[in-house]
Amino acid sequence: MVNGDSIQQVILVQVNPGETFTITTEDGHIQCIQGPAHVPMMSPNGSMPPIFVPPGYVSQVVEENGVRKVVVLPHSAEFHPSMHPPPPPPHVPHYMHHHHALLPHPPHPVYPPVPGTGELPPQFIHQHPPPHVFQEQEPRSHGRTNFIQRDERSLKMQEHLKKRLKDRQASGHTNNKLNSPPSSPHKVVNSSNATIQNGNGKGQQGAGGPLKQKQIGKTKGSPDAEMGESDTESKKCDIHLSIGKPVVSDIQARSAVLSWNLPVSSQNGESHSHSPAAFTFEVAISNSGKNGKFKSVYVGEELTVTLPDLRPATDYHARVSATSSSIKESISELVSFTTESCEPDCPAAPKLIYRTKNSLSLQWKVSIPVQKVTQLVLTFLKGKNGPFKECYYGHLKQYKLTKLSPSTKYSLRLAAKNDIGMSGFSETVTYYTAGIVPPAPSPPVLVEAGVSWLSVKWNPPNGVSSDDSLTYSLDMEEEGSGYGFQPQYNGDELSCTLRNLRRSTSYKFRLFAYNSEGKSSPSEVVEHSTNPDKPGPPSKPTVKGKIHSHSVKVTWEPPKDNGGSDISKYFLEISETSVGNKWDTIYSGSQREHVCDHLKPGTTYRMRVYCVSKGGESQASDVMTVTTSAVPPGPCHAPCLAGKAKPKEITLQWGPPSVDGGSDITEYIIEMANSEQDDRRQVYQGPASECVVNNLLPGRTYCFWIRAANKVGFGPHSDKAEISTAPGPPDQCCKPLIACKSATCAVVSWESPACNGAEISEYRLDWGQVEGSMHIIYTGPCQSYEVRGLTPATTYYCRVQAVNVAGVGLFGETGVVTTPASAPAAVSVLHLLEEDQMEISLPLSTCLAIQWEEPCCHGSEITGYNIEYGEKQLVTVGRNTSYVFENLLPDTLYRIRIQAINSFGVGPFSHSIKAKTKPLPPDPPHLECVVFSYQSLKLKWGEGPSRALITNPTQFNLQMEDRFGRFVTVYNGPCHTYKVQRLSESTTYYFKIQAYNDAGEGGFSEVYAFTTTKSPPASLKAPKANQLEENTYEITWEPLQPMKGDSIVYILQLAAGREFDQVYKGPETSFRLTSLQTNCEYRIRVCAGRQSQDSSGSQELYGPYSPSTVFSSQKQELVPPCADLTTELAETKKTLREERFIAIVLLCGFAVVAILFAVVIQYFVIK
């Protein structure tokens, strides 16, 4: 209980972990707060609220330094929250509701201290939920936001609390509260002298909000170092300086934020504020209580500083001093806080105390008191690889690891754990179990040898377990070095590669095995040798003796460096210069000279040598170039014919000889003779590979030879080539003989010309009607040909040429013949004349007109034509080119063809054409009126659909008489119905109709007369109901004018339920309703009727009913005159709404039905 002497009291209630604190607010609501939490509450009247504690607990009031504290403790005086398990939540019937509303806590809510409350034990300063004020409850909002950024309601509440606290401070503090954050009470539960070793459950002191962490000043040291008292100097000045108590916020395990307000100076009772630059602030902290040594950790001008390097779960006291050049130093009140708990630090690695073959005894030290280590975890790893396994979990500081393997390596590490979490593992240490000295290993085995390296491997000694950790030492002695064995390798691997050795040298090896107990005996000494190196290249080969055309003798010297071993074989390679980089081996052996034979004359060769020893193959020597001597070229192939032989010349071609003798070919000589026994004569000499031999006879065989020459001389003759000249084409044919067998057939014959050395294979006959434009009509070996299909009375030209294997001879002279006259040709063009092509109009139903072109007369003038039509009916006409068939049957198909006539007879019939007469024009249909109306008439005629069909060929022309007595067309189309609109009522109209199709227009029908009906009266407006007396109403409605002399009568209907009853019929426009029931609703409606006289008697035609008017019969009261009008208007609107609703429902119903029909048609018909 803070400041108990004042009327207003602030109570800070601590709720331990596992406990529930229940309060009843002023409005009767019950709120439950789960621990751990601190609940600040305010008692404006100074009364102590009743505190109900659970069984086994008591509440005590302790007063210390003028501050009273209410502490709830168990019966045992030694109770401490960190040493006992949390009790179950107490049952407090006066404060607890059966539905507990849990209050979540922010992770680090902070609050400013309440001035004048004294120091509170830091271990009991914990997280605060929003404070509760009973009797005069005022809600407060606490959080981590800065108090400057709070809402307006919270700021007003804080100002109110500050005024109350200022009024009750009897001692009087000089701190300026206007510049400090709003006050918040503390909760004190336990003594400040309690020692804390476990950081679990520790709270933190709140501040009004997180301040921006700055640390511009210099930090003088760490709080873990030795604390020292900070020195201050007194200023000799009459001005008194006061600084407010600092605020701690954002408390972490190893850091916290400390902030304070600017100090206020006072002189002669007046307060003065200063700028931050006028002061220097010094921050000092202590971790040994408020009376312990303080260490200065910051000096600077900032108002917020972050305290780093703090110990977790440790109580600290901090103070701030402000100094100025002209003002005496001022020291603030102490503020205490406790850092948060965290997981322990990494412990030191375990140490080995004692070992045996099967066990390791370990010991460790843990010096982390503030983090309260509860358990230790020890893990081990056997051998080199694999996961660590846990072998111990507890709080002891030593442990014996048993059931281990002898002479085995074990890796161990340690970790500490408390209620917050587990630390990291310590440094891994390695220990070996005790064992015996290993036996001598087997000697190393050679894996692979190189020129300067040896790779050896070995196996573990016999009788040693695979889990034993052994180290091996390999010693080596070089042959002839005199240094003895030298160590080359030391490790736990089972293989080793030794490098930088001498080539072709023998080395001796021995092996030792080590474990923790000592070194084994050496293995047997083995000897391994490095390989020899490759030899160097031999010397460049040289020529020994004379260079021949087909051979050369080559010699060389051995290499200067043989690589440490004797040369076993030499390889001589040769390559032609023209081939490129292709090398062929021509010798392999131990001799150092070789005769290279089978060479090509005049060819340049490259030669090189390499050698082979045990060390490998050497590089090739330098290349020697040598050229053999040239010889005359070899024989050429016999010349051959280039292309085709001609009758008087041939073209010869040849290729170079296969052997040029080592020198380029310079020229060729061609020799010819009629036979092999005749003398030869030279026909060509030159470097070309082709020549033409002229002045030869056709069809003769000649012999040819060829010789090639180079710079050495001519080579031998080639083989004989026999080549024949080609035969010549035949001579020109003579003039052919022509004899006409008929008007369309002639026989042509000719004589055979000279063949010119080759038999004639065929003849070609050229024929045509124009001498300069003839074409071949016959090709073959015969000497006559019969030409058919000629045109009578026509002149023809012809000529003949002969062909043999040599070619085609020239055409002979041209022969001429004229065929005799005959009957005319067939008519080629015959067609039917259309209606627009006729000069005069003809009835197409009974007439057809044809036209044709005159055919060829074949030498005799055409005198007439025979026309066949129908059932082979024949008509003969004169020399015309058109004809009209009359008196034909309508709508009948006819087949027509024609032939020409001259003095020699009739020609053949032309092709047939088909023509059809058109049907007769249609008769007019019967016209009738199917629907009569007062402004329209729907007419129908004929039999057929009401809508037009695309395939209907018949069209209709409907005409109506106008007011001037003329008939005008009102419809023209294929439909069989038509609705004539915009007519006058009770009027007679006259119509006639005509039908037409492709055959023509039919006649008009007789005149039909149809009369429109009389129009009904229009719909009236809703009638009006005016109450005259009780149960008496006067109904009125609008009048209508007489229609064309016809009088108007009205029908009034009344309905008390669903059915309407007629109550009046007559010419009046009003009616009085009496004897109506009281408090009953009625509906009335009215319609107009038209009375007319005609030949059939009196007739009445009624229009539609007006909208209904609804009224209720009530007792007559004094109502304003406008009441009836308002009621009538409301009823009219209601009636309109009902009718609109009915219309909308009907419209929606029709839409749904239409959609359903569309879906059915789409699914069943279209698909």
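For all residues, glycine too, the Cβ spot is worked out from N, Cα and C.
TrEMBL: automatically predicted annotations, no manual curation.
According to TrEMBL, the compositional bias 'Pro residues' annotation covers 106-115.
Per TrEMBL, compositional bias 'Basic and acidic residues' is recorded for 149-160.
What TrEMBL lists as compositional bias 'Polar residues' is 171-181.
The feature compositional bias 'Gly residues' is assigned by TrEMBL to 200-209.
Taken from TrEMBL, the feature domain 'Fibronectin type-III' applies to 242-342 (among others). Per DSSP, the domain 'Fibronectin type-III' (242-342) is made up of 3 helix, 48 strand, 50 coil.
Marked as domain 'Fibronectin type-III' by TrEMBL: 346-436 (among others). Helix, strand and coil counts under DSSP for the domain 'Fibronectin type-III' (346-436) come to 3 helix, 41 strand, 47 coil.
Taken from TrEMBL, the feature domain 'Fibronectin type-III' applies to 440-533 (among others).
In the domain 'Fibronectin type-III' (537-631), the DSSP tally of helix, strand and coil residues is 0 helix, 40 strand, 55 coil. Residues annotated as domain 'Fibronectin type-III' in TrEMBL: 537-631 (among others).
What TrEMBL lists as domain 'Fibronectin type-III' is 632-728 (among others).
Broken down by DSSP into helix, strand and coil, the domain 'Fibronectin type-III' (729-822) contains 0 helix, 51 strand, 43 coil. The domain 'Fibronectin type-III' annotation in TrEMBL covers 729-822 (among others).
The feature domain 'Fibronectin type-III' is assigned by TrEMBL to 834-920 (among others). Counting residues per DSSP class in helix, strand and coil order gives 3 helix, 38 strand, 46 coil for the domain 'Fibronectin type-III' (834-920).
The annotation domain 'Fibronectin type-III' is assigned in TrEMBL to 921-1016 (among others). Across the domain 'Fibronectin type-III' (921-1016), DSSP helix (H, G, I), strand (E, B) and coil residues number 0 helix, 48 strand, 48 coil.
The domain 'Fibronectin type-III' annotation in TrEMBL covers 1019-1116 (among others).
Positions annotated as region 'Disordered' by TrEMBL: 106-236 (among others).
Summarising the annotation, TrEMBL assigns region 'Disordered' to 519-550 (among others).
Among the features that TrEMBL reports, transmembrane segment is placed at 1141-1166.
Across the domain 'Fibronectin type-III' (632-728), DSSP assigns 0 helix, 37 strand, 60 coil. Secondary structure by DSSP for the domain 'Fibronectin type-III' (440-533): 0 helix, 43 strand, 51 coil.
Residue counts for the domain 'Fibronectin type-III' (1019-1116) under DSSP (helix as H, G, I; strand as E, B; rest coil) come to 0 helix, 58 strand, 40 coil.
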